[in-house]
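Now, the feature entries from Swiss-Prot:
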type     : residues : note
REGION   : 1-20     : region 'Disordered'
TRANSMEM : 48-67    : transmembrane segment
TRANSMEM : 72-92    : transmembrane segment
TRANSMEM : 124-144  : transmembrane segment
TRANSMEM : 160-180  : transmembrane segment
TRANSMEM : 188-208  : transmembrane segment
TRANSMEM : 225-245  : transmembrane segment
TRANSMEM : 266-286  : transmembrane segment
TRANSMEM : 298-318  : transmembrane segment
TRANSMEM : 342-362  : transmembrane segment
TRANSMEM : 384-404  : transmembrane segment
TRANSMEM : 411-431  : transmembrane segment
TRANSMEM : 441-461  : transmembrane segment
Amino acid sequence: MSTQEEMEERLLREGSDAEGQSNNRESIYLRTKVWSEVNKMWRIALPSSLFRMTSFGSIIVAQAFIGHSSELGLAAYALLQSTFIRFLYGLMGGMSSATETLCGQAYGAEQYHTMGIYLQRSWIVDMAVTTLFLPFIVLAGPILRLLGQNVEITKTVDEIYPWMIPYVYSLIFTMTIQMYLQAQMRNAIVGVLSTLSLALDLVVTWWCVSVMGMGIGGALLGLNVGSWAMVLAEFVYIFGGWCPFTWTGFSIAAFVDLIPMLKLSISSGFMICLEYWYMSILVLMAGYTKDAKIAISAFSICQYIYTWELNICLGFLGAACVRVANELGKGDAHAVRFSIKVILTISTLMGVIFSALCLAFCGRISYLFSNSDEVSDAVNDLSVILAVSILLNSIQPILSGVAVGAGMQSIVAVVNLASYYAIGIPLGLILTYVFHLGVKGLWSGMLAGIAIQTIILCYIIYKTDWELEVKRTCERMKVWSLKPSNEESNPIIREESRSK
């Protein structure tokens, strides 16, 4: 071999080695980037899911103790909870997502001082809206009687509703504070506090009902004690100096620009309410099918399974919202796309796992709620539809979270309205009463609505110009931003700026 050939061969080997090293570096960089994104996602999603599951657990604790105290009380509590309280819970959850959008984008844009202002504005707006809807809770009994509900049950509702008013007002603070802390990656404390509040709720409820014999009032007292204990603990955390960059005290600026905040909050609340009420309407419709008792029992059990899984997925919704809002605030459209891909992949994989578990154990799980073999068979018959619903449920909330993070609540609300109520429910009615498919027909209609909603949201997000969304976010931050009067004199803020 000539010297020239040896040199060419050596150069080829060196080029190949360099290319291999470059590919290896790119692979390591990608793995590091994915792991970093997954870590950020779980830091948000895990405490958020825990908060939602413990909040739902508080409702279950009250229901369980009331059920052991009075069957009539259980029926009244379930009726009030599944109608007016569920509506307000969905409304507060939706309106608080406006706080999540604004605080997330402000945190990404490093406008930390505005986050506390947004939180205060959300308290004002949510308090006003809750007070506006309060007469519906006060008049829940008469309204339900006008709708033809059992008189004896609705009279018990009249005795229960005063206990629910403090609980509803506690939601204003717990939900908005959760979004505020979540936007700045401090929501681990929310998971801890929500777990402790559930434990306190359980202890107080047990003491009031089992030891003091307070019955329904004792169960609802425990619910309020647990809820407000969490609110007070969150106040201590925020006001006590654990959020030095984002909470600088109460400000008169909170009363400025309330109309834009109200518009965003209402569109957010409308978006979530449509989803919360969808399942409730289907449960009510199940009562008019053949073998209504079995149908309602089976559908309710499936609803419990669906709701537990939904609470986990809503944690991913929060993660998607915060990550998208943060990166939009930073002005990084590429990072937005990357975050969406990672969160969607993880959530879909979890959906596949949950769906498989549902298919394998759904019939057995039903025995946790009922000893009836007929109910178990009915639940097992619905397991395939439930599994598909769970799979779609692992995708749709992420897409909604992305839309919320970008401030597209109004668009999602319209999509939800069209998918659920213009397509899903009418189709379910046709399958039930025309084709006589019973509960399976109802759920199939719901499934069609969710599938259509998912497809539309996928298309909207796929076609979204994220560079344009970055510009819109920057413009929104300029319009809504407030210059901190003490920025130059505040060593904490100066230190935060240097670290960035």
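Cβ atoms here come from the backbone N, Cα and C positions, even for glycine.
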Contact set, same chain, for the transmembrane segment (342-362): CB under 8 Å, 6 or more residues outside the stretch: 34, 37-38, 41, 305, 309, 312-313, 316, 319-320, 323, 379-380, 382-384, 386-388, 390-395, 397-398, 401
Recorded stretch that, among 225-245, 298-318, 384-404, has the most CB pairs under 8 Å to the transmembrane segment (48-67): 298-318
Positions whose Cβ lies under 8 angstroms from the transmembrane segment (298-318), at least six residues beyond its ends: 41, 44-50, 52-53, 56, 100, 179, 182, 279, 282-283, 286, 343, 346-347, 350-351, 354, 358, 362, 365-366, 369-370, 375, 378-379, 381-382, 386, 389-390, 393-394, 397-398, 400-401, 404, 439, 442-443
Cβ contacts under 8 Å made by the transmembrane segment (441-461) with residues that lie 6+ beyond its boundaries: 278-279, 282, 285-286, 289, 299, 302, 340, 382, 385-386, 388-389, 392-393, 395-396, 399-400, 402-403, 408, 411-412, 415-416, 419-420, 423-432, 435
